Structures are given as C-alpha cells and as structure tokens.
Amino acid sequence: MMTLKQSRRLQSVLLGTLAWAIALLLFFPIFWMLLTSFKTEIDAFATPPQFIFTPTLENYLHIQERSDYFKFAWNSVTISFGATIIGLLLAVPAAYSMAFFETRLTKQTLLWMLSTKMLPAVGVLMPIYLMAKSLGLLDTRLGLIIIYTLINLPIMVWMVYTYFKDIPKDILEAARLDGATTLQEIVRVLLPISKGGLASTALLSLILCWNEAFWSLNLTSSNAAPLTALIASYSSPEGLFWAKLSAVSTLACAPILLFGWISQKQLVRGLSFGAVK
Amino acid sequence: MKAIYKAFFAMAGLCTATLVHAETITIATVNNSDMIRMQRLSKTFEEQNPGISLNWVVLEENVLRQRLTTDIATQGGQFDVLTIGMYETGLWGAKGWLEPMKDLPSDYGVDDLFPSVREGLSVNGTLYALPFYAESSITYYRTDLFQQAGLTMPENPTWEQLGEFAAKLHQPDKDQYGICLRGKAGWGENMGIISTMANAYGARWFDEQWQPEFTGPEWTKAATFYVDTMKKYGPPGASSNGFNETLALFNSGKCALWVDASVAGSFTIDKSQSKVADHVGFATSPTQVTDKGSSWLYAWSLAVPTSSKHKQAAQSFVTWATSQQYAQLVAEKDGIANVPPGTRKSTYSDAYLQAAPFAKVSLAMLEKADPAHPSAKPVPYVGIQYVTIPEFQAIGTSVGKLFAAALTGQMPVQQALQAAQQSTLREMKRAGYPK
C-alpha cells in the first residue's frame, strides 16, 4: 500500500516524464533540422535516417557564397519590428476603448475582427497585389509592414483586450479623479500594469511576422525579401536540396529562437496573465 | 588648380552619366544547378555590359510559377527576365504578355537550336522565349543487376519489357525494387510519366472535338500497367515520390529501373551523390504500340515580359545566357559535361558525348520529340506530357490525384479512369470547349 507521500511522488514523476516527452516531441523537428544542416545531401536523403554521420559545414559555406544572408535578415527584422510597433500603437487604444467603454456592439465587433482571419489569404491576393502595385508598394518593406500590421491586428486587439479586461476599472477611475487625461491614463497607469501582457502580444506578433511566407513571397522580389523568401530559394525541383534547405532554415530560425529564449520569462508571464484570475 | 577642378568635374560628369544609364534588371529563376551556375557566371555578362547590373530572385518552382503568373497577369512589372517552361511560353506568348524574340544577333545561331525546342517555344512561328536547357525522358537501369540476372536491355525498350525486367529484379527483402516511377500527384509530377506512357499505348488526352478519352481502351491499358507494375514491383509509398524522391531511391541503389527526366543523367553518375555511379545504363524512353509522344519534352527558357521596364537590357541578357558563347564559358570554367543540355545541336560534340554518357540517348529523344503530334491519333492540342491550354494545370493535377489514389489502392483503376473522365469533361465544358 502506497503512502500519500509516495503517491504524490509517483504522480510528480509521471507528470514530469509526460512533460519531457511532449517537450522532446515538439523540439524534435528543430533538432532534426539542425542535424540535417550538418549532413551531406546524400546523408540527408538516406533511408533509414542517419543519426551518426560525418558532420560538414559545406551547406553553410554554400549559403554564404550564394546569398546575402544579412540583407534578408535585416529585412525580416525591420518588417517584423515595424509591423509589431505599429500594430501595438493601434491595438492598445482599440482594446482600451473596448475593454473600458464597452457598448452592446463590442462583442460583435471583436468577433467580426477575428472572422477576417478566417479568410484564406490567396482569396485576396489579386486585389491586394493590384493595390500594392498602384501605390508603388510592391517589393518595399513599407508594403509588407502595412500588410503584416493588418493581418495581425485582430489577434493583437483580442490579446490586449483580454489583458485590459482583467484590470479593475477602479484604478483608472482613481487616475481620472486625480486629473489624468486619457493619454496619461493609458501611458502612466494602464501600460505599466499590463506590460507583461503587452510584451507577450508583441512577441507573438513578432513570431507571426517573422514566419509569414505567403505575402512575403508574393509581394516582394529582391529589395524587401525577408528570410522566408531566402528559405524558398533553396528548395529545388531537380536535385537534392534537403541539407542546404535545413541549413538556411536554421539560419532563418536562429534569430527569432534566440530572441524568444531571452524573453521567455516575459512571454510565459504574459501568456498566463490573462488565464489566472 | 584649374586643371584639378576640370578633372573633378569631368569625373563627376562621367559618374553621373554612368548612373543615368545604369540599368538593373531583375531575373526570376529556379534553384536548379544549371540556373545557379548561370547566376555565378553572369559576372562575365556584367563585366561585358557595364551599364547593366543583375538582380536575382531565386524561388521554388511552384512558388515561382504562382509568383510570375500573378505578376504577369496584373502587368506588375516586378521582373525583367522570367524563367519559364514550354507550357507557360505557349500560353503567355499567345496572350501577348511576352516580348517576341526578334532581331537576334547574327552570331546567335538560331538555326542551331533543336527544331522541336524552337517549335515548343513559338506561337504561330514567333519565338517568345529562348531555351536555356531542355530535357526529354529516358530509361535508367542498373547494369550490375542486369549482368547478375543475365538480362540485356534493348536499345529501344517497350513498357511491357520493362515490366518483365522489373519482375525479375524485384527483391524487396534486399531493399531492391524492380522499378521506380513518379507517383506524387501533380500535372508536372506523376502525370508527366503517365501521359507519356499513355501516349506510347496510343492514347491521347482529348479527341479532335476536345472530348476526354480516359475510358478508352488505350488509357485503360496504360493505367492498368502503371498501377499493377508499381504495386507489384515498385517501392513502398510510391504515391508520395516525385522526381527528387525517386532520384534519391535510384542513387541509393534501391531501384533496378527508372524512367524519368534526362536531366537526372548527370546526378546518377555523380559519385558525390550516387552510390551506383559506376553501374548506370541508359536507354531510350519506353515505347509500346507507338513511339509518338513516348518521351516528353520540356525546356526551361528565358523570356522578357511586356511589363518589363528594361526590355532591351533584359533581351541582351537572355541572348547572352542562351548563346553558344555562354556554353563555351561553362565548358571552360566548369567542364564540358556541365554545358546546359538539350537546346543546341552544336552542344553534342564528340567531346560532350564522351563526357556525358547519357547524352546520346537524350539527343535521340530530343530529335524525335514532336509536341505538335504527341499521339498516334490526331489531337487538337500541342504538348507531349501536357496540353497547352490554361485549364490544364487544374485538370492535370486533379487527374493526377485520381491516379495516385489508384496507386495507393483507394480505388480501382477503372473507377479512377471514370472519375478522371467525368471531372475533365466537366472542367472542359465549364471552360467553353469544344471551341
């Protein structure tokens, strides 16, 4: 017969094992990509897959010779940060008005905003392409910043709205009684309280912008092409390419993985902010 | 002092003039080894033409196709040089979206281009793209396995013969499969090989009134042969194998036979990527009741869209990249075996035929290919492994899915053919055929 202490210990071990198993399962594709990037093309295609092989850096050297990695990376950084900053500047006032001055249409407005995410992107390719062409925004970073801002805005408004809803209205009322203007109320009171939530919203937007491929491939050619376009350039219809594709994918993922790793504390705190009341 | 000022202003003037005349052309291309080589060697073009600088956009084939279609249909003008195939050249040339390739320099040698390739890139006799490299389909086989089994590959095999060889060489317990063919659904994937097989069996996509013929005896025989042979002697999971997957299987020594693009020839004998490099034999693409349309023809070509803002500069690059001089440059820098194949008669010199053992067979197939007469019966369309109509991409892929379903056993061959007939008929009626 197990004691309560033993039973709890067993439960904790089982849960820990399960958590590790899920974590390893989620991490495996990234691990495999990293491993493949150090293989030759023939090793990368081998069946059964090889775990033990002679590592090579030739794929990374090939990428360095053929492509201007830093140009693509700089475009990714500018576009992702640009779209995230503008997105936050729009999402915060929108969420503020919806969270603290709710009307009978607020819920419907929120649902309508989210419903725009359900439209397949290819459905609006032609009109957006024509608009971008007419406005001279094809192959420009500004064009992609505008598109990414609009794509991510519904999710950003929803997230910020959820965080704002958890903040007691009394705090804002107290600020108002002290003579704070709306801007002061938002900047001096609301934003400092919800900075964890805003950080996680910004991070999520950054990740979504960084990984977006459809619009970046369709609206850019050379000047504004981000890392997703660089990855696409290493896929080949004729010949073996998995190892090179893995190397370029590793290089493309590395900055955002590193950024996520550094800011994971903020991200976890922000994500659990709205969940625990 | 005055002299210094004069020199300064003269230099400034010269720089300004250079800046004013400097043109940047954007070239959209795919990540194939020949194109990457072109990108590397294009520095020579920039040196020869100081007023032109090149901007490269390399994309995956399907992405490139979608991207170029969007841009050219909206006259976006994002690209000055397009890398396209024969299918797009025919369609876009007819719509007036491509610049005609007129006034080519006298030393270009337009008559040196293979007539089949030239014809495939022309609309009503006008050339709309210049061929960079062309490919046909050929048979690859393992000479060591044939020798061990006491078999001899005929110079011009039939599909039934390949089926018999496959049965004798199929040893799945040794990880050795009789025959490997594409199975992945797509108009450019499994339908490439299935269409040429069907042509060899005397089938055609449409009769003279644009009626599909999938339920006819020719298609039935071809489809039954394809599905039965692949099920009995093919590798497991063949329905997800495209060109690259099948190439990997052959290069790792798992296929006794393979019928696919001639461009794979150089990959199969390259020791850095093939375990069977010393044991590869080449034969013509299989025939059956006819040799008409039994080998496909495809040419990656360079074209200039009418939306380009630098047409003249773009055309001079296209001319350079597809010229005999470029072929000589490749031979000098990377060896004669790496010269872009299949476009010019002059490429097939004795030295080239010796360096590329598959070239002789490939040449025979290229000379025989006739996109205007792809079947033993008369047809209303142009194209061997495809039909040059805008609707074909969707139709071909939809039919390809049905063949893949038959290959995985989700439906019998007859049912797949019936469904192919119905869906193609529906699409063609919707598109307004017969015209």
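The backbone N, Cα and C atoms fix where each Cβ goes, and this holds for glycine too.
Annotated domain 'ABC transmembrane type-1' per TrEMBL: A:73-263, in sequence order.
What TrEMBL lists as transmembrane segment is A:12-35 (among others). Long-range Cβ contacts of the transmembrane segment (A:12-35) within its own chain (Cβ-Cβ under 8 Å, at least 6 residues beyond either end) map to 51, 246, 249-250, 253, 257.
Sequence-distant contacts of the transmembrane segment (A:77-98), counting only residues of its own chain at least 6 positions beyond either end whose CB sits under 8 Å from a CB of the stretch, comprise 106, 109-110, 141, 144-145, 148-149, 152-153, 156-157, 159-161, 163-164, 186, 190-191, 198, 201-202, 205-206, 209-210, 216, 224, 226, 255. Among the features that TrEMBL reports, transmembrane segment is placed at A:77-98 (among others).
Here the transmembrane segment (A:110-130) has Cβ contacts under 8 Å with residues 98, 138, 147, 151, 153-155, 157-158, 161, 214-215, 218-219 of the same chain, all six or more residues outside its ends. Residues or ranges marked as transmembrane segment by TrEMBL: A:110-130 (among others).
Remote same-chain partners of the transmembrane segment (A:142-164), defined as residues 6 or more beyond its termini with a Cβ less than 8 Å from a stretch Cβ, comprise 78-80, 82-84, 86-88, 90-92, 94-96, 98-100, 110, 113-114, 116-117, 128, 132, 135, 190, 194, 196-198, 200-201, 204-205, 208-209, 212, 215-216, 219-220, 224, 226, 270, 273-274. The transmembrane segment feature in TrEMBL is assigned to A:142-164 (among others).
Residues of the same chain lying 6 or more positions beyond the ends of the transmembrane segment (A:239-262) and with a Cβ under 8 Å from any Cβ of it are 30, 33-34, 36-37, 39-45, 59-60, 62-63, 67, 69, 72-73, 76-77, 203, 206-207, 210-211, 227-228, 230-231. Look at TrEMBL and you will find A:239-262 (among others) tagged as transmembrane segment.
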